[in-house]
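Undergrad: Feature table excerpt (TrEMBL):
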- 26, 214: Mg(2+) binding site (BINDING)
- 26: active site (ACT_SITE)
- 27-31, 39, 43, 71-73, 75, 77, 195, 201-203: substrate binding site (BINDING)
- 74: active site, proton acceptor (ACT_SITE)
C-alpha cells in the first residue's frame with residue numbers, strides 16, 4: 001500500500017481518513033457505447049469495478065462505502081435493460097457478495113424500497129445482511145430502488161403516524177429523531193461524495209445525508225475508475241477545511 005502511494009505520488013494521512021464515502025457509479029452505458037458494446041456489457045464491467053473498489057476500500061481502512069446501484073428512476077429505462085440489470089444483480093449476490101461473505105469481514109447493508117424487487121432478489125438481500133450483521137470490517141451499503149426524495153417522504157409519513165398515535169410528541173421532533181426514520185438510521189452521514197463520468201449533480205442520492213459532505217467529481221467513466229482515483233479523491237478531501245457552517 002505504501003509503495004503504491006509513493007508510486008502514484010499520492011499523500012494520504014491515516015488520521016484524516018473519511019469515515020464514510022458515497023459513490024454514484026455512473027458512466028457504464030457510455031463506456032460500452034465508446035467501445036461498440038451493448039449497455040449490458042458496461043454494467044457488467046461496472047459490477048467488476050465495484051468488487052475491486054470494495055476490496056480496496058476495506059484494505060485502506062474505510063468504515064463505510066455507499067454505492068448507488070439502482071435508483072427509483074432507473075425503472076424508466078428500456079425493459080430489456082432493467083431485466084439485464086436485475087439478472088446482473090442476482091449474479092453479483094450469488095458470486096461476488098458470496099465470496100466477500102466467505103473471505104472477508106465486510107458487512108452488507110441495502111437501503112431503498114426492496115419490496116418492489118423480485119422476491120428472489122429480496123431473499124438474497126435479507127440473507128446477505130443477516131449473514132454479515134455481526135462482521136466488523138467495511139460496511140458496504142448498496143442503494144437499490146433508492147430515491148432520496150422518496151426516502152424523505154416515507155420518513156415524514158412514518159413520523160406523522162407516530163405523532164398521530166401519540167407515540168411521539170411533536171415538540172420532540174428534531175434532526176436526530178428524524179434520522180431514525182431514514183433508511184440510514186444506523187449509518188453515519190457521508191464525509192465524501194464521489195461521482196465519476198463528468199456529470200456534476202447528485203441525482204436524488206442521499207439528499208438528507210450529504211448536507212455537509214465534500215463533493216469530488218471526475219471525468220473518468222465508472223468502469224475505468226481505478227484505485228488511484230479513489231485515493232486522489234481522499235487526498236483532495238484531506239486538503240479541505242470542513243467548517244460545517246461555522247468559522248475556524
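Keep in mind that glycine also has a Cβ here, set from the backbone N, Cα and C atoms.
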Undergrad: For residue 29 (substrate binding site), which of the three DSSP-derived states applies: helix, strand, or coil?
TA: helix
Undergrad: For the recorded positions listed here (72, 74), which one has the lowest count of neighbouring CB atoms within 10 Å of its own CB?
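TA: Among the recorded positions 72, 74, the sparsest Cβ neighbourhood within 10 Å belongs to 74.
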Undergrad: By a simple count of other Cβ atoms within 10 Å, which of 27, 29, the binding-site residues in the record, is least packed?
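TA: Per-residue Cβ counts within 10 Å for the binding-site residues 27, 29 bottom out at 29.
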Undergrad: Under 8 Å Cβ-Cβ from residue 214 (Mg(2+) binding site), six or more apart in the same chain: what's there?
TA: 191, 192, 193, 237, 240, 242
Undergrad: Which site among 31, 75 has the most other CB atoms no more than 10 Å from its CB, taking these as binding-site residues?
TA: 31
Undergrad: How far is it from residue 72 (substrate binding site) to residue 26 (Mg(2+) binding site), counting Cα to Cα, in Å?
TA: 15
Undergrad: List every residue in the same chain as residue 195 (substrate binding site), at least 6 positions away in sequence, whose Cβ is under 8 Å from its Cβ.
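TA: 23, 24, 26, 201, 202, 215, 216, 217, 218 - these are the non-local Cβ neighbours of residue 195 (substrate binding site), listed in sequence order.
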